[in-house]
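A.B. asks: My structure is below; once you've seen it, I'll send some questions.
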Amino acid sequence: MAQQIVVGLIVAAALAWVLRPTVMRMVRRRQVAAGKAPGPCGSDNCNCGS
Amino acid sequence: MNAIAPVLQTAPRIALVGNPNCGKTALFNALTGSRQKVANYAGVTVERKEGSFTTPEGRRVQVLDLPGTYSLRARSPDEEVTRDVVLGRFKGEAEPDLLVCVADATNLRLVLRLVLELKQVGRPLLLALNMFDIARHRGIEIDIGRLSAELGVPVVPTVAVRKAGTADLLKHIDTVAVELAGAASAGANTWHEPSAEEVRATHREADRIIKLAVRPPTKPDTWTTRLDAVLLNPVAGLLILLTVLFFMFQAVFTWAQPAMDGIKAGFDALAAWINGAMPDGILRSLITDGVIAGVGSIIVFLPQIVILFTFIILLEDFGYMPRAAFLMDKIMGGAGLHGRAFIPLLSSFACAIPGIMATRVIDNRRDRLATIMVAPLMTCSARIPVYTLIISAFVPDRTVGGVFSLQGLVMFGLYAAGILSALLVAFVMRRLVWRGTVEPFLMELPAYKVPDVKNLVMGVWTRAKAFLQRAGTTILSIMILIWFLSSFPGAPAGATDPAIDYSIAGMVGHWLQPLVAPIGFNWQITVALIPGMAAREVAVAALGTVYAVGGAGGGGEENVTALMDTLGHSWSLATALSLLAWYVFAPQCASTLGVVRRETNSLKWPLIMFGYMLTLAYLASFATYHIAASLGWA
């Protein structure tokens, strides 16, 4: 049982690592939409160079 | 310091301008150290490097390293950024207070035309004569006072790589800053797009100043001239280039072997120790079949990657790469590619991503798009593990003619296939999609120089570290997931087939197998190709895990040697050749497609790239498999 819990945690951590970029992108998009973060370069809400 | 503070309301902003390869970035690094920030300019994918430093008088100065240019008559996106920032018309970018033009002291004629243009902008200007030591070593005598008087700007000799002359430069910056604070405004900008006659007049003026201030060496650099006489010869030069590339790939295979054997033995010992120390169970299976079999089968290729990059960096440092570009220009032009495409395509041997980003040096959009579209066909380092695994499993380890390794020859053939297919695709695209002539290729050939050991070590270390980081993070995570998908659900009671057949990965593989059966792939290859979409080399680790969990290796763990043995028994030669053909063309890299989308600012081009590469991969594999089968190799 202990082995199964350890393995489950490792697999969950691996899944989280693989999905991390996608989740981060989604979070970023929401922040940009809410005006809490600058948008990508060239977009209306970009603040590069400022 | 206190006297200065009131007159300077804000930190002065300096822009470093200069020709490409004049040591501008080295000076930027010498001035700013680690206080720098790299991003992109707004709206364009041109790298923006900004840093800061403090002058001896205590001024905090912001410095911007602008893309290299030969003139303010911009012809590429990079050069447009430089022109617009210098002229103070780049949206979102503050106007520079002072321009520091960095010049290669060994080739002043080229930069003086830019200096004369910059003078017309009306901003305070300093000329940093960089690589002054090399110029002196070559016997070039520069009269700094005369040069400064003729140009009407302060001139400071520097050796940026050794930080020599930077103290003098900082003093001048302080002086200019005081003058700036006292001045009402910068001078008037009289620069405009020059006519042909004005360009010729600028050339004449540059020549006049050179005659007055620069005395050429009494003994010219005969080494560069003599070497170029051979290395740039249309026949001998091309033969030497091919020999260099051939030798490089032979070395990748033969020199790396002892280190690879050492790494393999290390992973074998680790797996054996874990098998002995841990009781049988899913945790041991995860460690040996998932982590060691997966990640170990990738790390073993580190020596080959180190050797390949050692060669590439040595050739770059020596000054051979621009010559190789010059030699290839005619061939590239025949395929409809611009001569400048050579460097991006060569970078793509390491990875298509920096290669695609390096296409920014190509002015013409059609030439640039053509290069972007074929860059992923060049054999990137992520293909090396796949090629090596299959070649080692199927090609006998013997020599041809008593000298050349047969495995090295096959590897060389795969690289050649990548290059030829890139040229062929570019040729077809230029004939069908982007008709028109290719713009002429102008490039400065730097003098040869002895490669810098520190630069070599840093460059190789950076690549090796990136490879290991990837193996230890993304690949490790994916391998754990593959192990999970290959292990669960377990086989039902009384099942006779291998347990992996009942797993999720087994079910997916079996379900997709009819699609790839015509090209000779089994369901294990299908399972490995799915995570291989994230990065090509992941497929090798995935094969290691799938076969390890399947128990085909006969033991628990599946090290590289056992995996090669397993593949040699479970695949036919036709399947192996088909998979090699697949990997020459297949768009197995999501990051590359992402970069193409970013660089072209469109979803259309990555989709076209994915479509044409997938079609070519399927057709090549289909043809290879059926030809091999007809020869009795199935």
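Glycine residues also receive a Cβ, built from the backbone N, Cα and C atoms like all the rest.
Quick paste of what TrEMBL says about this protein:
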DOMAIN    B:11-179  domain 'FeoB-type G'
BINDING   B:18-25, B:43-47, B:65-68, B:130-133  GTP binding site
BINDING   B:Asn29, B:Ala30, B:Thr32, B:Gly33  Mg(2+) binding site
TRANSMEM  B:235-256  transmembrane segment
TRANSMEM  B:291-315  transmembrane segment
TRANSMEM  B:335-357  transmembrane segment
TRANSMEM  B:369-394  transmembrane segment
TRANSMEM  B:406-428  transmembrane segment
TRANSMEM  B:471-491  transmembrane segment
TRANSMEM  B:511-531  transmembrane segment
TRANSMEM  B:538-556  transmembrane segment
TRANSMEM  B:568-586  transmembrane segment
TRANSMEM  B:607-628  transmembrane segment
A.B. asks: What three-state secondary structure does DSSP assign to B:Met131 (GTP binding site)?
C.D. replies: coil
A.B. asks: At a 10 Å cut-off from the C-beta of B:Thr32 (Mg(2+) binding site), count the other C-beta atoms across all protein chains.
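C.D. replies: So the number of other Cβ atoms within 10 Å of B:Thr32 (Mg(2+) binding site) is 19.
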A.B. asks: Take the C-beta pairs under 8 A between the transmembrane segment (B:335-357) and each of B:291-315, B:369-394, B:511-531. Which stretch has the highest count?
C.D. replies: B:369-394
A.B. asks: How about the transmembrane segment (B:235-256) and the transmembrane segment (B:511-531): do they have 3 or more C-beta pairs under 8 A, pairs 6 or more apart in sequence?
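C.D. replies: With fewer than 3 qualifying Cβ pairs, these stretches do not touch.
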A.B. asks: Pairs of Cβ atoms less than 8 Å apart decide it: which stretch in B:291-315, B:369-394, B:406-428, B:511-531 has the most with the transmembrane segment (B:568-586)?
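C.D. replies: Checked against B:291-315, B:369-394, B:406-428, B:511-531; highest Cβ contact count belongs to B:369-394.
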A.B. asks: For the domain 'FeoB-type G' (B:11-179), what is the mean per-residue pLDDT, to the nearest integer?
C.D. replies: 83
A.B. asks: Given pairs 6 or more apart, does the transmembrane segment (B:369-394) have at least three Cβ pairs under 8 Å with the transmembrane segment (B:607-628)?
C.D. replies: yes
A.B. asks: Restricting to CB pairs under 8 Å, which listed stretch, B:291-315, B:406-428, B:511-531, B:607-628, is in contact most with the transmembrane segment (B:471-491)?
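C.D. replies: Against the transmembrane segment (B:471-491), the leading stretch is B:291-315.
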A.B. asks: So which one is it: of the binding-site residues B:Ala30, B:Met131, which has the fewest other Cβ atoms within 10 Å?
C.D. replies: B:Ala30
A.B. asks: Which one is it: of the binding-site residues B:Gly18, B:Asn21, B:Lys24, B:Met131, whose Cα lies the shortest distance from the Cα of B:Thr32 (Mg(2+) binding site)?
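C.D. replies: Out of the listed candidates, the nearest Cα belongs to B:Lys24.
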A.B. asks: Quickly jot the same-chain residues contacting the transmembrane segment (B:607-628) by Cβ under 8 Å, restricted to those at least six beyond its ends, or write none.
C.D. replies: 373, 376-377, 421, 425, 518-521, 572-575, 577-587, 593, 596, 634
A.B. asks: Just the number: how many Å between the Cα atoms of B:Pro67 (GTP binding site) and B:Gly33 (Mg(2+) binding site)?
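C.D. replies: Between the alpha carbons of B:Pro67 (GTP binding site) and B:Gly33 (Mg(2+) binding site) there are 19 Å.
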A.B. asks: I'd like to know which of the binding-site residues B:Gly18, B:Gly33, B:Pro67 has the most other Cβ atoms within 10 Å of its Cβ.
C.D. replies: B:Gly18
